[in-house]
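Worksheet: the structure to be examined is printed underneath.
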């Protein structure tokens, strides 16, 4: 049964709330950027090659807070390409998209704005669009997986006030990746394997952790085959048919996974040819200010004077892993130092929430977890599976989120864990919505939204306008909880406090070059 109709009022409200949150985000970051002076951070800050005009200065005042930290890398790549070695830590699809919009849709503004300003405007517009589309995709995915429209809706509106909000707005690739990943998961749940594979492939061209998404395909194909084996008798006469099915499943899984890995492999090959190939020296073509920056900061250019970077001589010359190791000291337990305690505290809320989600699911489904969801149970054949976060379909998403959490906690700069999980996994939002729906009396009074309640709720929503932030907002659970903040439970206050405080602190700190996640 199709759960999401074209006239779905929950979807309209989720999209409109996302638009309102994005507009408020842009307004607040401009205000904070004007009121708070920028910190003199030791971060990548390339010189501008042309004098800014009046409109450039105005745009910088309004949106400049969204061009700090790693955003400088993305904008630099969009303008100059992969000039410095460490730029190759940032994958190409997002800066290519930013450049395409700046040269295409924003081309008429070239008489008012220089290229760098158009790139910044392009990034902000693209991220605003992608974040809204990601909220819609998360809602549709939740409806299919959770079989509970209310929890899916609550998760989608929570995504709009994500603790990783500032990175969804700034010139980072998080919004694009979230949209592609959530859309790919939704298409896979609907059985659209090839479209899902294409979206997952594009996602791996945006961020390296998109490679982990191949696990969804491997699990989906493997589960289908194993469940087929459990139907009927395994007679010898059916053995050729089983081999045929196995080869079909294996070939399909290999092809789709190869498609997901292809963008990563092509980018590594491009980087090798650019920095290690013959005649890769570009010293003469680099503008003098950028060449001077490389000398001052020790940035490595492409094979200057025939001297190739060290990673070119490795058995597997992967520039991405080399940069993570040499430039950012990323590796197993390398961040476990006393001076990093503040960063671990910064990542503690999302680490606790992710661990709690995995534990809750395992306690609710011990047999399902032990059998990896590959056992066909009589309860699933005779009756409809239960809905909500603890339903069987959530298993693979919990595994995915747990793998990301463990990898991020032990092998990465732990402070990035919030945006790492917030842009990659729906579990952070599903579990938070589950806790609010289960333990908040103000939301329990609205029902759990099975099919009967869904029809009643949809009818009531259709009678109200979702076209303004002020009208009809009583149906938005986040707005309802905030309007009754004194009455909500301590658990609800903790969840909303985490989301909204990181939402606000991120805008204040990140937009002024102060350390954040």
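Backbone N, Cα and C atoms are what each Cβ position is placed from, and that goes for glycine too.
All annotation found in TrEMBL is predicted automatically rather than curated by experts.
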Identify the transmembrane segment range according to TrEMBL, selecting from 220-245, 246-271, 272-297. 246-271
Counting Cβ pairs under 8 Å to the transmembrane segment (385-410), which of 119-139, 151-173, 193-219, 246-271, 494-516 comes out on top? 193-219
Would you confirm whether the transmembrane segment (151-173) and the transmembrane segment (494-516) meet the contact rule of 3 or more C-beta pairs below 8 angstroms, pairs 6 or more apart in sequence? yes
With the transmembrane segment (344-364) as the reference, find which of 193-219, 246-271, 494-516 contributes the most Cβ pairs under 8 Å. 494-516
